[in-house]
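Asker: Sequence annotations record features per position, and here Swiss-Prot assigns [4Fe-4S] cluster binding site to CYS3, CYS6, CYS15, CYS21 based on sequence analysis. What Swiss-Prot records for HIS238, GLU262, CYS307, CYS398, CYS426, CYS451, GLU485, LYS487 is hybrid [4Fe-2O-2S] cluster binding site, and it gives sequence analysis as the kind of evidence. Per Swiss-Prot, the feature cysteine persulfide maps to CYS398; the stated evidence is sequence analysis.
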Amino acid sequence: MFCEQCEQTASGNGCHQWGACGKSPEVNAVQDLLVYCLRGLASVVLKAKEAAISTREADIFTCESLFATMTNVNFDQRRFTDYIQRCLEIRENLKAQLGSLDWSALANYQPNFNESLVSQGQEVSLELIEKVQDLDIFSLKLTAIYGVKGLASYTFHAQELGQEDDSVYQVIQETLVAIDRSDLNLNDWVAICLKVGAANLRAMELLDQGHTETYGHPIPTNVPLNPRLGKAILVSGHDIKQLAALLAQTANTGITVYTHGELLPAHGYPKLKEKYPHLYGHYGTAWQNQTKEFAKFPGAIVLTTNCLMPPHENYESKLFTLGPVGYAHINRLETVDGAIDFSPVIAKAQSLLGFTEISEPRQVMVGFAHNTVLSVADTVVNALKQGKIRHFFLVGGCDGAKPDRNYYTEFVEQVPEDCIVLTLACGKFRFFDKQLGSIEGLPRLMDLGQCNDAYSAIKIALGLANAFNVSVNEIPLSLIISWYEQKAIAVLLTLLHLGMQNIRLGPTLPAFISPNVLKFLSDTYHLQPITTPAKDLADCLG
């Protein structure tokens, strides 16, 4: 087994015996085989694009199946086998349309489904590239492929909402093809990684456009953290479209719907809240706490995307997955006439007790996306000019189980009272319910949204830079980023593409980044690891 794609890799050096995420070596091998087949499909897709043959089916499939290979998404070996079979079907269909061409061995690769796909996957592990490549090029290849996985996930969600851009699909397919090239040097691979970052910026823009055109621009909204009496369904993940579909199917059933994890920002979308008043509150915190939180939740639970952990027996019967998410023997929701059928979830929720007690009211506020913040840009600019606001800190990203992630809580607690904290993604659950007060009517803690709402953070940063007529690196903003999985890698590549400097990254640096690549990032972008809250705060504030 070889996997270095997440922050919690074994001993910080990669998983080689069993995945820290809970993924077995067998599942990992079949997952690697899928990625290998996708690399072969990509070469055919690019030829088809040159010939003006439609590749939309292949592009969408590539995004979904890459999404499935991300950390904490799919643990089901059978599902990966299905993806491989479908990959080959799409590939051969495109080849038939292209006619007789001289295809590479990879484009003609055919696994033997009568023999172990595990052993065949082990034969095409990414680790084998390391044995024949320069370590630094291998490092950047891993950066590119892990970044493309994150890019594919955002592209998948944007496409669900009717937002697509062929140039994004092109970058995904070109990057997959590049993995098997041996003629590219270090500078070429730096350029490829930055191109992934540029495409990811476009994908996040498309997703933002899909969300806001469908559900309205987020507005500041108070979200209850205490449940109300009655039957309940909990929805976790990132997929707001599937949350909306569930809300439509649960209307007038008496069931209350709660968000979990990265779906907290859904409460800020006005059209969603106005149309579905039974979208009531938020339950729980970040993904790594789900085994305790799901066990206590007295209703049905739906996982729309990552992060799924290996489920415990005491709640697996009420857990449902959909889309790219999967786990062997766990209920899977099927698509009927192009839409997910949530009736099994509704039936399960109605069979369970639901909440029978209420607790003391608590709430948090969401909805501070770019439209909201930039609408008060004059207030922000004046407060900065008058010295009432000294500095902005973006403290956010992924959460995880490591104790050293307490750094982010302590950092926010130590931020001076004349500074504002922007946050996003599940890293916010370390401090999302803290009462930090306000400056000039502006909350000192603003939740920008999901991880893909890094787009909002970028829009806000560029807006402030424009207001002061300076570069984005000259505004009083520091990026204190926590990472865990491949979406965070894609976002980091986007920030580097934009030339953003002095990013502090933690809690540890990626295992796939070689010493020389790290030195390049440090020298070029001043990318640096977090140290202690006190030291980093002092350095940021000068």
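Just so you know, glycine gets a Cβ as well, placed from its N, Cα and C.
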Asker: How many other Cβ atoms sit within 10 Å of the Cβ of CYS307 (hybrid [4Fe-2O-2S] cluster binding site)?
Answerer: 26
Asker: What is the nearest of the binding-site residues GLU262, CYS307, GLU485, LYS487 to CYS15 ([4Fe-4S] cluster binding site), using the Cα of each?
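Answerer: So, spelling it out, the nearest of the binding-site residues is GLU485.
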Asker: Any idea what the Cα distance is from CYS426 (hybrid [4Fe-2O-2S] cluster binding site) over to CYS6 ([4Fe-4S] cluster binding site), rounded to a whole Å?
Answerer: 15
Asker: Under a three-state reading of DSSP, tell me whether CYS451 (hybrid [4Fe-2O-2S] cluster binding site) is helix, strand or coil.
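Answerer: Once the DSSP labels are grouped into three classes, CYS451 (hybrid [4Fe-2O-2S] cluster binding site) ends up as helix.
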Asker: How many Å lie between the Cα of CYS307 (hybrid [4Fe-2O-2S] cluster binding site) and the Cα of CYS3 ([4Fe-4S] cluster binding site)?
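Answerer: Here the two Cα atoms are 17 Å apart.
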Asker: Any same-chain residues 6+ apart from CYS21 ([4Fe-4S] cluster binding site) with CB under 8 Å of its CB? Would you list them in sequence order, or say none?
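Answerer: Same-chain residues close to CYS21 ([4Fe-4S] cluster binding site) (Cβ under 8 Å, separated by 6 or more) are CYS6, GLN8, THR71, ASN72, MET309.
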Asker: For the binding-site residues HIS238, LYS487, which one has its C-beta crowded by the most other C-beta atoms within 10 angstroms?
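Answerer: The largest 10 Å Cβ neighbour count belongs to LYS487.
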Asker: To test your reading of the hybrid [4Fe-2O-2S] cluster site: which residues beyond HIS238, GLU262, CYS307, CYS398, CYS426, CYS451, GLU485, LYS487, same chain only, put their Cβ within 8 Å of the Cβ centroid of those residues?
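Answerer: Going along the sequence, the neighbours come out as GLY261, TRP287, ASN306, ALA425, GLN450, TYR484, ALA488.
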